[in-house]
Amino acid sequence: MLSTKEVLLIAALLSFVMFLVLYSARHNRIDGIGELLLANVFGLCAYLLYAFGRELPPLPAYEGANALYASAAAATVIGYRKLFNRNAAVWQAYSAVVVLVTLIAVFHYWYPSFAARTIVVSIFQAGAAGTIFWTVYGARNEWPSSRYPLYFIIAMCTFIAGGHAFRALRQLLDTHAPTSLLEPTGLNLFFLSAGAFALPVLTLGGLLVAHCALLSAAEYAANRDFLTGARTRRALFDGAERELARAMRAKVSLCVMLVDLDHLKTINDKLGHFAGDRALTTLTRVAMKCLRSVDDFGRIGGDEFAAVIPDTDLDDAIKAATRLKNEFYNFPHQCQGIRPSVSIGISKFRPGDSLGTLLERADTALYRAKDAGRNCVMTEEDIVERVALQS
């Protein structure tokens, strides 16, 4: 069986390894990583002081070790608060550390009691784990699709808080409770091991959350147009293929809308590219407002956008397009002497259609809209009716 000293040295080694991993991730600009890095520095030093407590003077062995370990817990809480975009509460966390160290000193020098010191430390550590639990649980509506890291953190916080609560109760009620942190009894060794590995485990949970955040940021960058925030061409077409397959399988309606920003070149030439960029960004914002959350809107070219509108017949698609056109035209643009507008072409899904044929018919309708003087909506049926009249 490992000795208590060996357990603490292993925990120190784990904190050092976590420090190295976190240090390599410090340039990713994720809030909370710096605090978790600091927590493992505190933890590493605390574990070493605990391990060699019998060879050290009382001040570093008791107050020093507990102050560092409590600071590690406080930094971990702050790191998690920042990871989940919550108020960091820095001064509250470190004020609690000061209160804890004061109580430890009181129960060391004025009213010597290992049981009292153990109870206040356990309450502090259980409170830190509980705070992390509620931070993660409170952000449940913002959780990413990959929820395993969050379930892992909640489970570990529950185990850690429960373990510290049980340890405090045992120390309070059991007449045979340990009288020293380094006492080599089986149950004391279990509690010591669980407490020593809490910091590395919570650091691992934070790393998993940071990893998910990096993946989400990379996915957003890959799927969103940098300027406007609309879907990229690839992301839009990938989603369109899925909706097209669903429309074929479920025999539901589907419409595709092509939207062209009129006179973008004129805006760029006369007012500068920043004005053109503002017009493109405004168009995206207006489209997001006018379309439903299930509709997909993306930028497929310089001044051309597309929307995939599932479960919608042609009449409703025309209403949505007209609403978008009017909202954009009436928007208070900062384009001196130029009134930005959009031309829109719409096609509807027919059995046997591919995405290419849908886009081709919408494109034909779009060019009819531009030929008709711009700032209007045309559908493939308008073209069919016009051809029929001409014949």
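Residue numbering: from 1, along the chain as shown.
Note: Cβ is positioned from N, Cα and C throughout, glycine not excepted.
Curation plays no part in TrEMBL annotations; they are all automatic predictions.
Quick look at what TrEMBL lists:
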DOMAIN    252-382  domain 'GGDEF'
TRANSMEM  6-25  transmembrane segment
TRANSMEM  32-52  transmembrane segment
TRANSMEM  93-111  transmembrane segment
TRANSMEM  117-137  transmembrane segment
TRANSMEM  149-169  transmembrane segment
TRANSMEM  189-214  transmembrane segment
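Between the transmembrane segment (32-52) and the transmembrane segment (189-214) there are 3 or more Cβ pairs closer than 8 Å, counting only residues 6 or more apart in sequence, so the two stretches are in contact.
For the transmembrane segment (6-25), the neighbouring stretch richest in Cβ pairs under 8 Å, chosen from 93-111, 117-137, 189-214, is 189-214. Long-range contacts of the transmembrane segment (189-214) within the same chain, counting only residues at least 6 positions beyond its ends with a Cβ under 8 Å from a Cβ of the stretch, are 1-2, 4, 7-8, 10-11, 14-15, 17-18, 21-22, 25, 28, 30, 32-33, 36, 39-40, 43, 47, 72-73, 76, 79-80, 83-84, 125, 129, 132, 144, 146, 148-150, 152-153, 156-157, 159-160, 163-164, 167, 181. Long-range Cβ contacts of the transmembrane segment (117-137) within its own chain (Cβ-Cβ under 8 Å, at least 6 residues beyond either end) map to 62, 66, 69-70, 73-74, 76-77, 80-81, 84, 86, 96, 100, 103-104, 107-108, 150, 153-154, 157-158, 160-162, 164-165, 167-168, 171-172, 178, 181, 195, 198, 202. Residues 58, 62-63, 66-67, 70-71, 74-75, 77-78, 117, 120-121, 124, 127 of the same chain sit 6 or more residues outside the transmembrane segment (93-111) yet have a Cβ under 8 Å from a Cβ within it.
For the domain 'GGDEF' (252-382), the DSSP counts in helix, strand and coil order read 62 helix, 29 strand, 40 coil.
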